[in-house]
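Inspection log for the structure reproduced underneath, given as structure tokens.
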Amino acid sequence: MAAHCRGTELDLSWISKVQVNHAAVLRRAQQIQARRSVKKEWQAAWLLKAVTFIDLTTLSGDDTFSNVQRLCYKAKYPIRADLLKALNMDDKGITTAAVCVYPARVCDAVKALKAAGCSIPVASVATGFPAGQTHLKTRLEEIRLAVEDGATEIDVVINRTLVLTGQWEALYDEVTQFRKACGEAHLKTILATGELGSLTNVYKASLVAMMAGSDFIKTSTGKETVNATFPVAIVMLRAIRDFFWKTGNKVGFKPAGGIRTAKESLAWLSLVKEELGDEWLTPDLFRIGASSLLSDIERQIYHHVTGRYAAYHDLPMS
């Protein structure tokens, strides 16, 4: 991943002036979603690119070593070898961007990836995921333990109460402490946008998280009623762009929750390309958090190569 975001001092004057035009954001989202997807002859290339942005995730209460081991194997070999060969991509080393697990499963992921001879990063959720409603000391210790166990990326959740009550200094202080607890690990800050009340709050929370040194800002835990949506993404991407223009810091973006189909993944790539440009279409600055998306991408690539849709037994389990 790219160098850490340096962060800045908290700029309350900037935050206080923020006001998002809700109607304009909705119009922009509708414009983008109404456009045609990538042309058929280019779809396979774009879908393979999408694979390299996926944080392949398992966050279930019944996760075991075998689940995590299978996840890691799929992360290393995301697309069947013969399909890659048919596309002349078998020598490109295509993998997912990372695997993402609960803190208690980090050791399992590190062990499985090491056994597979693979250097894919291990990301861990932390800070009382998904609600973030535990004591700060506990949340910080959870980060430290995940890093000690081998996680090189930490997906933290913010305390949504601080956003809803306008406690921007407290939010900045908490995320700054998360950043410090991560050490050399990269910090991805989950805003849980479906629980922030307004698009203006989404923009403000995005700014505060970036000022505090977040390397990525992320839409959702995937556990909220409303997860990644285009209106929310547009607001976050504009905040990333404005922060870059003002500070020179490039911060990554990660939508998560409800992104299940290949078509949806292409729409997200197009959105990022339009709002931030090709510079952001790299795993250093763009990720997609997903558990079932990869299976649909592989099915679409199978169809592109063979001309027919795969039966369930045609593709390995993910």
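Using N, Cα and C of the backbone, Cβ positions are placed for all residues, glycine too.
Secondary structure from DSSP puts Asp155 (active site, proton donor/acceptor) in a beta strand. The annotation active site, proton donor/acceptor is assigned in Swiss-Prot to Asp155 (among others) on the grounds of similarity to another entry.
Residues annotated as active site, schiff-base intermediate with acetaldehyde in Swiss-Prot, with similarity to another entry given as evidence: Lys218. DSSP gives Lys218 (active site, schiff-base intermediate with acetaldehyde) a strand state. Take the CB of Lys218 (active site, schiff-base intermediate with acetaldehyde) and look out to 10 A: across all protein chains shown you find 28 other CB atoms.
Taking Cβ-Cβ distances under 8 Å and a sequence separation of 6 or more, the neighbours of Lys254 (active site, proton donor/acceptor) in its chain are Asp55, Lys188, Phe216, Ile217, Lys218, Thr219, Phe286, Arg287, Ile288, Gly289. DSSP assigns Lys254 (active site, proton donor/acceptor) to a strand. Feature annotation from Swiss-Prot assigns active site, proton donor/acceptor to Lys254 (among others).
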